[in-house]
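Chemist: Sharing a structure, written as structure tokens. Questions coming.
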Amino acid sequence: MAAQGWSMLLLAVLNLGIFVRPCDTQELRCLCIQEHSEFIPLKLIKNIMVIFETIYCNRKEVIAVPKNGSMICLDPDAPWVKATVGPITNRFLPEDLKQKEFPPAMKLLYSVEHEKPLYLSFGRPENKRIFPFPIRETSRHFADLAHNSDRNFLRDSSEVSLTGSDA
């Protein structure tokens, strides 16, 4: 009889676990801890950095670098941030970031001052020969790509291997 009481108690405790939902924790590997959603005039911003979701940080981050050099994390869901960053990412990144041939770890640095991208980096974690984080071999400086307006450079640069062979 006592064994039946313990088994019922154990069953009740295990059933309570069904209703427990893990709380959203702050990802410590994300760059932004606190996000700013109030409007910042573009004439005060020097660069905008867009960092897409990675295995280390499960959210998109938008970082504005004002002309004084500090960094301000912007709320990517704020309407003015979407209106500012949307055309930039649509112009310089692939249409569908969820496709398998495009890597999930991407970072874009855009110069508001000069109205051009400065840096794009990404990696492909599913390919063991390529690092899943930005390094020199998987990064492209847009100075090299200024003459190329075709979007296919993203596919070409994402397939840079560490061994130097594409096999």
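Cβ coordinates come from backbone N, Cα and C, glycine included.
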Chemist: To which residue among Ser121, Ser139, Ser149, Ser157 does Swiss-Prot attach the annotation phosphoserine?
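Modeler: Cross-referencing Ser121, Ser139, Ser149, Ser157 with Swiss-Prot, phosphoserine lands on Ser157.
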Chemist: Of the cysteines Cys23, Cys30, which is paired with Cys57 in the disulfide recorded by Swiss-Prot?
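Modeler: Of the candidates Cys23, Cys30, the one Swiss-Prot pairs with Cys57 is Cys30.
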Chemist: Taking Swiss-Prot as the reference, Cys73 is linked by a disulphide to which residue in Cys23, Cys32?
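Modeler: Among Cys23, Cys32, the cysteine that Swiss-Prot links to Cys73 by a disulfide bond is Cys32.
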Chemist: What does the structure give for the C-alpha distance between Cys57 (disulfide bond) and Cys32 (disulfide bond)? Integer Å is fine.
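Modeler: Their Cα atoms are separated by 10 Å.
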Chemist: List the residues of the same chain that sit at least 6 positions away from Cys30 (disulfide bond) in sequence and have their Cβ under 8 Å from its Cβ, in sequence order, or write 'none'.
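Modeler: Those within reach of Cys30 (disulfide bond), by Cβ under 8 Å and sequence separation of 6 or more, are Tyr56, Cys57, Arg59, Glu61.
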Chemist: Counting Cβ atoms within 10 Å across all protein chains shown, which of the disulfide-bonded residues Cys32, Cys57, Cys73 comes out on top?
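Modeler: By the 10 Å Cβ neighbour count, Cys32 comes out on top.
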